[in-house]
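In what follows, a structure is listed as structure tokens, so that the remarks can point back to it.
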Amino acid sequence: MKSEAHVAAQASQLRAALNRAAHQYYTLDAPELPDAEYDKLFQQLQALEAAHPELRTPDSPTQRVGGTVLDGFTPVRHAVPMLSIRTETDTTPAGAEKFDQQVRNYLAAEQRRTELKTTDPRHRATPLGPDATAVLAGAPVGYVAEPKFDGLAISLRYENGVLVQAATRGDGETGEDVTQNIRTIRQIPLTLHAGKAAEFAVPPLLEVRGEVYMRRDDFEALNERMRERLAAGDKGAKTFVNPRNAAAGAVRQLDPAIAAQRPLSFFAYGLGEVTPAADGGPDFTSHWQVMQTLKSWGFPVSELIRQAQAASDLIAYHADIAAQRDALPFDIDGVVYKVDSLALQRELGFVSREPRWAVAHKYPAQEQLTTVQAIDIQVGRTGKLTPVAKLAPVFVGGVTVTNATLHNELEARRKDVRVGDTVIVRRAGDVIPEVVSVLPDKRAPGAPEFTMPTHCPVCGSDVVREEGEADHRCTGGLFCGAQRKQALLHFASRRALDIEGLGDKLVEQLVDGGVVKVLPDVYKLGLTSLAALDRMADKSAQNLLDALQKSKQTTLARFLYALGIRHVGETTAKDVARHFGQLDAIMGASVDQLLQVPDVGPVVAESIHTFFAQPHNREVVEQLRAAGVTWNEGEPVANAVLPLTGKTFVLTGTLPTLSRDDAKALLEAQGAKVAGSVSKKTSYVVAGEEAGSKLDKARELGVPVLDEAGMQALLAGLG
Ligand SMILES: NC(=O)c1ccc[n+]([C@@H]2O[C@H](COP(=O)([O-])OP(=O)(O)OC[C@H]3O[C@@H](n4cnc5c(N)ncnc54)[C@H](O)[C@@H]3O)[C@@H](O)[C@H]2O)c1
Ligand SMILES: [Zn+2]
């Protein structure tokens, strides 16, 4: 048997660890443990204290609620304390049955205490009411089942229907005045009006209690914004570990302007102080009635709350909400069962920090501890490199997780995740699992910092990170196995080599089936290899072969664009093609030479240069030429000034004979630029049928307007 001293030491250790974690969580909004870990320690301490009541101290976390008031906030004393809710340790469906049984047992014990009729103050003087009597005679207790929202508790005080104060829970007795921040939440009514369906008028004094939370999409968007700001060097930006934490941080924010930028939501779930019925306040008899009334007064009440009769209904509810959990727009950590009758609630009362009439029945935690076994690099369709932590398998958010994204090098280094680290992993809803933080105390000495590889792990090409961007990319666009599908689709697209019939599904099959390993393989396709594919009729196979044949005769600009070089869009491809005239000249051009091309800046020049510096990319280009892809090479027109060089045209409306693309090509062939919007610098606007605002703008600015015939005449006159 363990010695007394040993048990006492263990209890004090647990208390210290829990108090520290609670301070981090409640007061600083910066938890250092996952909830599941905290709950485990909490339950260990509870068990110790139950077996050794003499070890229970008044400062034990089991005896207290929440945290202390943060400096800078005005304390608010709660007229009705804000309590915690007991968590049922049995997480199986049987947990609901246990709660139902406890409620009945307690009422039966109360009944016996009434019958004793002693003067001992622990014994009831008044007999139990009709609801309790019915339950003791075998009637179902009657419950309301609700989601347990994962945010933070708020008490909203209304006087004569006007919001006058909002306070956090604090330690349950005293919270913080956060009225300014709460006013910025649009879902919280500032003034109340009883709607048509209202059973009761709004009382002169009303405290509504509920949960402030952040929706998952709002949380993701907020973190995305923060990551961008961090990438841009903004030291004031920070990301949040989870929506609860982000919501708590926003509400307990000393600057209301910052709080106002954090998107928060609210659900009401109960009452605090209310004008008593005797003084004209609402005469509520059930929790369900309270919830319906709150809705009629303008408060958001979750659509997911249900009335339930017996334990079996609670079990069904637990399963139903569990099935919906991932798809919900917000985090929940379980469900709450509440005895519906307010008379029964009063008779059941409280024990230390928890009501006897409610229990939380939790779901598997969405955050857990695990270790990082390796950091792998994944290469996406567009060449983006993502570091991914390989984890010791861990059950989190209802599934076993073995991978978690680290987003990019900046993020991985900011969180400072290293191989061997103990980390908190989060998986909520459909969002991919994520490492939210590292426990630095558990790091092995000498673990090296993470760095991004300099070469693509898939194809070996150089990896680059452009200035101002967070992501690293593989530069082996044409060759890289990871980018094959994307490269092929782009190559075949209308403005590139325009291979009709080579769409998404077919590309998928060709690449996955290993038929196309490198881009030039498409020109090796034959009737037999195509006919072997799913759903490919002879006719469409022949059409595709014809399209492939046709695509071989192209232009240098199209070919250059088809290569899918980052930052080289159609216009840039045209500029570069016209400037150099020949592909070999482009492939051999230095960054400085590329910078000579009008409108080509350092980022584009660098990108083209790096692309052709990859031997694999050059090889693919050679193979495409060998397969018969060809174009008319021209003379470099670097310094040649074409008749329309320096002129800018804008096309608008439908021209009678020429398509937009054809008209553009005709103009560009003479050196003109074709722009999308009209400005003072526009030389001509070419307008067709149903020309709209661009034509108006041209007239307004006095820009000459041509019709198609006028444009043709202009071109013909150039000689
Ligand atoms: N990670 C850590 O270090 C750490 C530290 C302390 C506490 N915690 C976590 O905090 C929780 C424990 O604390 P608690 O005392 O705040 O109690 P609780 O959060 O388990 O339960 C009470 C709270 O539930 C909320 N709630 C959500 N939906 C509700 C509903 N429908 N009806 C009523 N209330 C609803 C209210 O905010 C209420 O204050 C645990 O989940 C624990 O893991 C974590
Ligand atoms: Zn690669």
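Just so you know, glycine gets a Cβ as well, placed from its N, Cα and C.
Per TrEMBL, the features are:
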| type | residues | note |
| --- | --- | --- |
| ACT_SITE | K148 | active site, N6-AMP-lysine intermediate |
| BINDING | D35, A36, E37, Y38, D39, S84, I85, E146, R169, E211, K338, K362 | NAD(+) binding site |
| BINDING | C456, C459, C480 | Zn(2+) binding site |
| DOMAIN | 639-708 | domain 'BRCT' |
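Sorted by the number of other CB atoms within 10 A, the binding-site residues I85, C456, C459 start with I85, the lowest.
Checking the recorded positions I85, K148, C456 against ligand 1 with a 6 Å cutoff on the Cβ atom leaves I85, K148, in sequence order. Proximity of the binding-site residues D39, I85, C456 to ligand 2, judged by a Cβ distance under 6 angstroms to any of its atoms, singles out C456 in sequence order. Mean per-residue pLDDT, taken over the domain 'BRCT' (639-708), amounts to 87. In the shown protein chains, 23 other C-beta atoms lie within 10 A of the C-beta of R169 (NAD(+) binding site).
When the domain 'BRCT' (639-708) is classified with DSSP, helix, strand and coil residues number 20 helix, 16 strand, 34 coil. Closest in space to I85 (NAD(+) binding site), of the recorded positions given as K148, C456, C459, C480, is K148, taking the CA atom of each residue. Counting only residues at least six positions away in the same chain, the Cβ atoms of Y143, V144, A145, E146, H287, Q345, W357, A358 sit under 8 Å from the Cβ of K338 (NAD(+) binding site). Of all the Cβ atoms in the protein chains shown, 21 others lie within 10 Å of the Cβ of D35 (NAD(+) binding site).
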